[in-house]
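To start, the structure under review is shown below, and the notes come after it.
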Amino acid sequence: MTTLQISSSLFRSFLLVICVFVIPSLSSDSDPLQDFCVGDLKASPSINGFPCKSSVSASDFFFSGLGGPLNTSTPNGVAVSPANVLTFPGLNTLGLSMNNVEFAPGGVNPPHSHPRATEAGVVIEGSVFVGFLTTNNTLFSKVLNAGEMFVVPRGLVHFQWNVGKVKARLITSFNSQLPGSAVLPSTLFGSNPTIPNAVLTKTFRTDDVTVNKLKSKFAV
């Protein structure tokens, strides 16, 4: 094989690597191919979202669910009102969703990740400690007050904690109509069927008694 052929082969291999690793990193939801496609939630979703409704009206493009107040009398002292394709079908194929997140004093939105979206948010009221962790276990965090904004890169574990003495509120947005949410405590200890104790005791370097106690708190 000549030097020119070897160089050409290496160049093609390099292009293949670029295509495999770079192009997926730029993607989020697929781009729409029409002005809108209000989701028909009675139909089964496809890979790009729900099929379009046969007829639409102005009400399909407006949503009032981000108002408050929400009931924050929950175990974690937090409540979320989502505006995603399942609650607001007008978002179907548009690659966008939002949440209203409200905290009681001391309330925590526990460590979780959104596998299909980057998250951006703004504090509407209160003081919120926001943090996310990178894949090398570095924590980036800051206390934010009303009017201040944060961003969490796609898929990274993050949390929010109301460090104030009064309620706090965030409005968050995502570059996906259905970003998904994997909440670490309930994912690990409340799965159905449950993760075997042997896996969890080894992972967390603890015993069956501790694992069973945690499972009892997150049992579905």
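The backbone N, Cα and C atoms fix where each Cβ goes, and this holds for glycine too.
For C37-C52, the entry in Swiss-Prot reads disulfide bond, with the evidence type similarity to another entry. According to Swiss-Prot, the domain 'Cupin type-1' annotation covers 64-212, on the basis of sequence analysis. Residues or ranges marked as N-linked glycosylation site by Swiss-Prot: N71, N136. Per Swiss-Prot, the feature Mn(2+) binding site maps to H112, H114, E119, H158; the stated evidence is similarity to another entry.
The structure, with features from Swiss-Prot marked on it.
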| residue | record | contacts (Cβ under 8 Å, 6+ apart) |
| --- | --- | --- |
| C37 | disulfide bond | G49, F50, P51, C52, N92, T93 |
| N71 | N-linked glycosylation site | A79 |
| H112 | Mn(2+) binding site | V157, H158, F159, S181, A182, V183, L184 |
| H114 | Mn(2+) binding site | V152, R154, G155, F174, S176, P179, G180, S181, A182 |
| E119 | Mn(2+) binding site | V151, V152, H158, T172, S173, F174, P179 |
| N136 | N-linked glycosylation site | none |
For the recorded Mn(2+) site formed by H112, H114, E119, H158, name the remaining residues of the chain with Cβ within 8 Å of the site's Cβ center, in chain order.
S113, F132, V152, L156, V157, P179, S181
The domain 'Cupin type-1' (64-212): mean pLDDT?
97
Mind checking how the domain 'Cupin type-1' (64-212) divides into helix, strand and coil residues in DSSP?
22 helix, 58 strand, 69 coil
If you count Cβ atoms within 10 Å of each one, which of the recorded positions C52, H158 comes out on top?
H158
